[in-house]
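What Swiss-Prot annotates here:
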{"type": "TRANSMEM", "residues": "1-21", "note": "transmembrane segment"}
{"type": "TRANSMEM", "residues": "25-45", "note": "transmembrane segment"}
{"type": "TRANSMEM", "residues": "47-67", "note": "transmembrane segment"}
{"type": "TRANSMEM", "residues": "88-108", "note": "transmembrane segment"}
{"type": "TRANSMEM", "residues": "149-169", "note": "transmembrane segment"}
Amino acid sequence: MMTYIVFILSIIFVMGFVGFSSKPSPIYGGLGLIVSGGVGCGIVLNFGGSFLGLMVFLIYLGGMMVVFGYTTAMATEQYPEVWVSNKVVLGTFITGLLMEFLMVYYVLKDKEVEIVFKFNGMGDWVIYDTGDSGFFSEEAMGIAALYSYGTWLVIVTGWSLLIGVVVIMEITRGN
């Protein structure tokens with residue numbers, strides 16, 4: 001049952017990406033990103049990553065919602081274009097959905113995914129093994145490694161997000 005839940009969430013995830021990649025108006029692009037981000041957090045939660053899913057949900061959908069709201073407010077149109085108002089955008093949206101449904105058919109026909117990697121077990125996803133010490137939470141070890149060995153990565157990521165917000169505000173401010 002969990003496999004089908006992840007499969008359905010993955011379909012919604014890709015449909016959200018198709019929705020914002022074929023966006024005719026910034027409002028719908030932000031909506032597609034919000035849907036995809038929320039569903040992505042649900043997928044991470046389904047695999048047991050409660051801390052990571054919560055952090056992504058709070059940081060991405062909390063922090064970036066401010067940026068989406070600000071840029072959408074600055075780029076509002078009186079009559080926003082929707083997916084069906086332009087034939088090229090509608091064609092792109094339908095083509096993306098068709099590709100997703102063909103992928104779903106291919107996966108359901110063979111009962112596994114073997115396009116680039118073969119995902120038929122979770123044993124390949126083990127990150128850190130401590131030998132005879134028993135069961136450890138991968139999340140706790142990952143967070144400890146991120147903040148101990150990856151300090152510079154956290155600093156560069158925070159700085160990049162700050163610069164990204166400043167650049168977006170300067171672009172949308174106008175003259």
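Quick reminder: no glycine exception, Cβ is built from N, Cα and C everywhere.
Among 1-21, 47-67, 88-108, 47-67 has the largest number of CB pairs under 8 A with the transmembrane segment (149-169). Beyond its flanks by at least six residues, the transmembrane segment (47-67) meets 6, 33-34, 37-38, 40-41, 139, 142-143, 161, 164-165, 168 of its own chain at Cβ-Cβ distances under 8 Å.
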